[in-house]
Amino acid sequence: MATRAAAATLTAATSSLIRRSASLRPHGLRVPRRLPPQRFVRHIASSTNEEAAAKAAAATADTEGPTIFDKIIAKEIPSSIVYEDDKVLAFRDINPQAPVHVLVIPKVRDGLTGLSKAEPRHVEILGQLLCAVKVVAEKEGLANGYRVVINNGPEGCQSVYHLHLHVLGGRQMKWPAG
Ligand code: DGP
């Protein structure tokens, strides 16, 4: 009996809470239903191929091991170099996402498999990479603007574990980025 009374009180309290929260919502604004965890995971997994490839790469790769960029730096495989100095190399992306798509990388990785690995000792090279981006943008004639992207980790769609800045330009960018 006592249990039934307690349950009734609880139901009444819950209904009142739901009514109150509904009245707090701005008129006409529908609050999205939260996806249960499993459906949320499936939703993420079923997105783009790039996302799946990045996740697979991160799961199977030895992110500390050499990457394709080491071969590009050593000029063992060809690339279209846009800018080079003693610390930085900039070359065209093999899979361009814009009329201009250049990757700017440190010649020595020094633990910078991704931006999340940055430490105080990397401050100088990080600044040099950004300065190189500016030079690349000027060389490529991107006077009307451009975008600089760093993908970090599986959810950032990173596929090569050697820090690199994407310089994208030559078309109107959209926001928010996908
Ligand atoms: P990310 O997904 O942010 O890790 O970007 C890696 C980029 O590297 C990707 O846009 C394609 C590019 N890439 C991969 N392999 C090569 C290559 O052999 N040559 C060149 N030029 N770019 C490459």
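Keep in mind that glycine also has a Cβ here, set from the backbone N, Cα and C atoms.
Per TrEMBL, active site, tele-AMP-histidine intermediate is recorded for HIS164. Taking Cβ-Cβ distances under 8 Å and a sequence separation of 6 or more, the neighbours of HIS164 (active site, tele-AMP-histidine intermediate) in its chain are PHE69, LEU103, VAL104, ILE105, ILE150.
Per-residue pLDDT, averaged over the domain 'HIT' (68-178), rounds to 98. Among the features that TrEMBL reports, domain 'HIT' is placed at 68-178.
Residues or ranges marked as motif 'Histidine triad motif' by TrEMBL: 162-166. Listed as Cβ neighbours of the motif 'Histidine triad motif' (162-166) (distance under 8 Å, sequence separation of 6 or more from its ends, same chain) are residues 67, 69-70, 93, 97, 101-106, 109, 112-115, 117, 129-130, 133, 147-151.
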DSSP, reduced to three states, assigns HIS164 (active site, tele-AMP-histidine intermediate) to coil
